[in-house]
Ligand SMILES: NC(=[NH2+])NCCC[C@H](N)C(=O)O
Ligand SMILES: O=C(O)CCC(=O)C(=O)O
Ligand SMILES: [Fe+2]
């Protein structure tokens, strides 16, 4: 893991910057604030910017951990029972810190079909989801995955800011650079012979009755595209880029076994076994902002027991792209963040 440790001075300067921005704008997801977030990120301490730039450009690791930010445990309030509903502004400081770090790596984006199109997601236990394969599950392991693996516009980085983690639950990950795969296997995995279906966080059953402010017609189009990807998924490669340091996309739990292509499946099984063998973990503590490189690694989470008492584990999540333009056809304006 590539780690950026904030010094006492960094912390003070970041706190001042966050306070200044919030003074002028109030809510961290206000459009006029987001329009300028990249500019403010340039006012992060130079050492932090330099380290983040190194991580982004040279790809020395599968993830970048910003550590040392202080969460205000009283101000953030109780861990919510659901991501929906009206949101208090208690996490404004923390949200803004996450957005500033994100903006050193790229542009924050949101999904119309996930958590009501919100830019910042809540990751915490939801009653009834205990054994699902969704971020709000608890008693079942969240099987490792590429975030939104099925989606052509999936994020380059997934940012997770820990607000609470009282039982030291482990976030799992593995980096493709660490895998032992022979050339022939890599070649096969780079061919369009695989099927990835949408995960359940994008399905209408998890829509939560809230669609943000997008027109209904547009929302229907978004959900029918996900449905189309479910009923008629294309064949895609699971590795791409440089065969010697490949990028990847996979979410085995939502992928098909193709009986008509045993060779592709055998290569895939070797790939999955290597990831299982190399899977390691990190325990996020309050204030840690982990940016998983969603092209170079997979991540997941070990099971744990929910409390449902307002003190549960709680993360804030953001998707980050290095290429906003590649999704232009499915966003309503050049500077819009929501992908439909
Ligand atoms: N293997 C999996 N469980 N894949 C889905 C991962 C979780 C999903 N991205 C979510 O936000 O809930
Ligand atoms: O809870 C975690 O540590 C990771 C969850 C996850 O995979 C996600 O929210 O994308
Ligand atoms: Fe994830």
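From the backbone N, Cα and C atoms, a Cβ is placed for every residue, glycine too.
Sequence annotations record features per position, and here TrEMBL assigns Fe cation binding site to 145, 147. The DSSP secondary structure for residue 145 (Fe cation binding site) is strand. Around residue 145 (Fe cation binding site), the C-beta neighbours below 8 angstroms that are at least 6 residues distant in the chain are 199, 250, 251, 252, 253, 254, 298, 299, 300.
Per TrEMBL, the feature domain 'TauD/TfdA-like' maps to 61-318. The average pLDDT computed for the domain 'TauD/TfdA-like' (61-318) is 97.
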For residue 147 (Fe cation binding site), the nonlocal same-chain Cβ neighbours (under 8 Å, six or more residues apart) come out as 154, 155, 158, 292, 294, 299, 319
